[in-house]
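S.K.: Can you keep this structure in mind? I'll have questions shortly.
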């Protein structure tokens, strides 16, 4: 089937007639086919081709596989119309690569995998997320790590087919989940179970920080720390935008923390500082206040000395 098409991109929808979400995604696919005439869209009834479904690990419908030059380049599990649209646009717009650029692509993937593996002291590559594991092995792994109070970040390998396949080769470990500590592969579920039984798991993996300790570290991360909605490049509320403009006008260097990206910090800092709103400005670990306080300090000429730590 793939060889019969000479076009650059083939999108295969593994579907089932009994699943209403598949019918909805078929409509989305039909609309995309009109928009991207250079792309070939194919529907395969998953249960009618069990060998193919097994080969490509089709465990639920709808699932979409993306092929270029007969090679699988991406995957999407579930009825996510916006994500399907994004992936089709991305792959349709990327031109076919030469052998030389293939080498570059492999090198780029290796760099990306290293960054992901080292994104946190303890990284779990799993199917789904800790809140919604999408396979029994991943679910068991998360339960073990949580039971031992281990602090970890995770990556959903269903969200990126390039990472899913590339990490197997990079780590020489063919299955998921995969657990890494300090950038080194620990192993899969069986290994972690063995480490738990021997008592070694608690010594290998970093424990979750208490929230208060974590907040103290964040507050003291830089001499001037601003907790806001968004970041200094892109403020996501008017108050945060105004306070950034004021601080920028002083020329003082500072760092920001986006409280929209961490609900635990967002709620915890309100209690810790006894200050119910954002933004919150800290100098040398001490709360200065929010936008109104900063405005008053600027008007009184006190802001610059405070930011410099002189007052």
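Positions of Cβ are set from backbone N, Cα and C atoms, glycine also.
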S.K.: State the residue range annotated as region 'Disordered' by TrEMBL; the candidates are 64-83, 84-103, 104-123, 124-143.
M.R.: 84-103
S.K.: Could you count the residues of the domain 'Thioredoxin' (1-93) that DSSP puts in helix, in strand and in coil?
M.R.: 38 helix, 27 strand, 28 coil
